[in-house]
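What follows is a single structure, written as structure tokens, with notes after it.
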Amino acid sequence: MRLIILGPPGAGKGTQAARIAEHFGIPAISTGDIFRANIKNGTELGKQVQEITASGGYVSDDITNAIVEDRLAQDDAAEGFLLDGYPRTTGQVAALDAMLAKSDLGLDKVLALTVDEDAVVERLLKRAEIEGRVDDTEDVIRERQAIYRRETAPLVEVYGERGLLVEVDGLGAMDEVTERIVTALS
Ligand code: ADP
């Protein structure tokens, strides 16, 4: 099973990705987590992406694509994966297509979590407080939503045209949403 989960920041992608991945026995691969771990460990990559991630901007496609290609080459991703937070631009869509084509593979489904923007901003402010994500100020959160709308929302249509899109309402209790997703993917 090769899946992508799409949705605006705060749609609950990370939580649902972990659950869906466990359900299907595949690794959940989050580019955001990879970047955060590198920043925390002070790696060269971490230093490169620290400023841009803190401001809410996107890391360059070149850096991001290379990281994903590396990660997908690891053994645990051989039978499938769930990508969370990637692809985020049409350039990344093309890069992922090329990576998969090399191994004659394709995507099974692209899951899009739909949520209301105000609900999402509220959720993110709460998460920033609980998780101590000090970079998640309201300005940064609003900027992230705007960037998502501009750069990533068009991917919903791209995958829709390929007949891969499964849209699920991301509003509601976490368990409810998980159930909706599992049903929609089964
Ligand atoms: P969010 O806070 O929106 O849930 P993530 O945890 O997925 O975001 O990612 C955190 C940050 O890492 C993003 O704001 C962005 O700067 C960077 N990032 C993650 N994935 C990508 C990607 N596919 N392309 C470019 N930048 C990315």
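Just so you know, glycine gets a Cβ as well, placed from its N, Cα and C.
Since the structure is predicted, the reported quantities are computational estimates derived from the model, not experimental observations.
Same-chain residues at least 6 positions away in sequence with a Cβ under 8 Å from that of T15 (ATP binding site) are, in sequence order, M174. As annotated by TrEMBL, ATP binding site applies to G10, A11, G12, K13, G14, T15, R127, G172.
Note on the region 'NMP' (30-59): mean pLDDT across this stretch is 95. The region 'NMP' annotation in TrEMBL covers 30-59.
Summarising the annotation, TrEMBL assigns AMP binding site to T31, R36, G57, Y58, V59, G85, Y86, P87, R88, Q92, R133, R144. DSSP assigns R88 (AMP binding site) to coil, not to a helix or a strand.
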Listed binding-site residues with Cβ under 6 Å from ligand 1, out of G12, T15, V59: V59
Greatest C-beta neighbour count within 10 angstroms, which of the binding-site residues G10, G12, G14, G57, G172: G10
Residue distribution over DSSP helix, strand and coil in the region 'NMP' (30-59): 22 helix, 1 strand, 7 coil
Proximal residue to G57 (AMP binding site) among binding-site residues G10, K13, R127, G172 (C-alpha distance): G10
C-beta crowding around K13 (ATP binding site), within 10 angstroms: 23
